[in-house]
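All remarks here apply to the structure that follows.
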Amino acid sequence: MSVPLLEFHQVGFRYPNTPEPVLRDCSFTLEAGRKVALLGLNGSGKSTLFYLAAALYRRDRGEIYCQGQRLVHQPQRLRQWRQRIGLAFQDPEQQLVAATVAEDISYGLCNLGLSPPEVAARLHQTLQEFDLVALADRPLHHLSLGQKRRVALAGVMALAPTLLLLDEPTTYLDYQQRQQLRELLEKIHQQGTTIVIATHDLDFAYGWADWIMILVNGQVSVSDRASHVFGQWPTFAPELGTPTLLGLWQQLPPAWRQHRPFPRTVTEFSRELGERFRHLGDEC
């Protein structure tokens with residue numbers, strides 16, 4: 001049996017000067033290879049969970065493991081931990097630290113202690129993979145929000161983490177930028193990286209994730225296959241609303257939907273409707 005990639009065991013955390021903990025006895029297991037959407041209402045603790053997983057915050061109680069290794073807040077152990085878990089913040093300004101795109105991506109590589117030739121090689125590869133070659137010498141303050149997010153993500157992925165955590169990656173992105181993000185995440189996932197996004201964007205989660213986790217009152221109340229969760233969505237999280245495509249699918253006659261998987265993309269939905277209308281035409 002394989003060792004889980006990430007484990008939380010009864011983890012608790014409370015911010016200073018606040019009466020109630022954000023996370024309380026929070027437990028879950030994450031297997032490698034997943035595309036996970038972490039869902040929850042505002043203030044449910046999604047970002048806090050990420051900061052704890054990335055060892056930016058120290059838990060008050062409980063244990064956290066990555067690939068079977070316990071999180072210990074000692075300099076050398078933290079260095080190794082943070083090489084395995086990469087975190088991209090909701091606001092890219094929080095992690096862009098250099099003047100230009102190339103310098104920012106190189107910053108983390110230099111901190112790893114790589115030699116100049118190794119840094120140059122990894123930088124060149126990352127610029128190509130993230131379509132940033134033309135922007136390599138561009139000052140960061142000249143970039144759009146979408147470009148800054150791409151640079152921040154490139155800086156994280158240049159370090160080759162095993163697990164990638166993305167905090168609200170679709171915020172303020174238009175439809176085209178969201179599609180570009182989806183394609184980029186698919187590419188990263190195909191290279192072997194496990195990805196978890198914390199998001200309020202149900203439509204993005206619905207079309208992208210293969211695993212759903214729902215955070216309620218400081219605990220992971222649901223951790224299951226996306227097909228199962230969305231197939232019985234009102235049972236799990238009615239307070240979060242309903243993904244648009246799922247809502248449209250549920251409005252169709254039950255006979256249309258019987259024994260058919262619900263569509264996860266607009267293309268799949270259109271194909272299902274087209275096929276059904278063709279059958280109706282044949283019957284007429």
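Any Cβ shown, glycine's included, is placed from N, Cα and C.
So that you can see what the record holds, here are the features copied from Swiss-Prot:
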- 6-242: domain 'ABC transporter' (DOMAIN)
- G40, L41, N42, G43, S44, G45, K46, S47: ATP binding site (BINDING)
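Feature annotations (Swiss-Prot) mapped to structure.
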residue	record	Cβ contacts under 8 Å, 6 or more apart
G40	ATP binding site	K46, A198, I214, L215, V216, L240
L41	ATP binding site	V216, E239, L240
N42	ATP binding site	H200
G43	ATP binding site	none
S44	ATP binding site	L215, V216, N217, G218
G45	ATP binding site	F13, V22, L23, C26, L215, G218
S47	ATP binding site	Q90, D167, A198
For K46 (ATP binding site), the number of other Cβ atoms found within 10 Å of its own Cβ: 23
Collapsed DSSP category at K46 (ATP binding site): helix
Mean of the pLDDT scores, which run from 0 to 100, over the domain 'ABC transporter' (6-242): 93
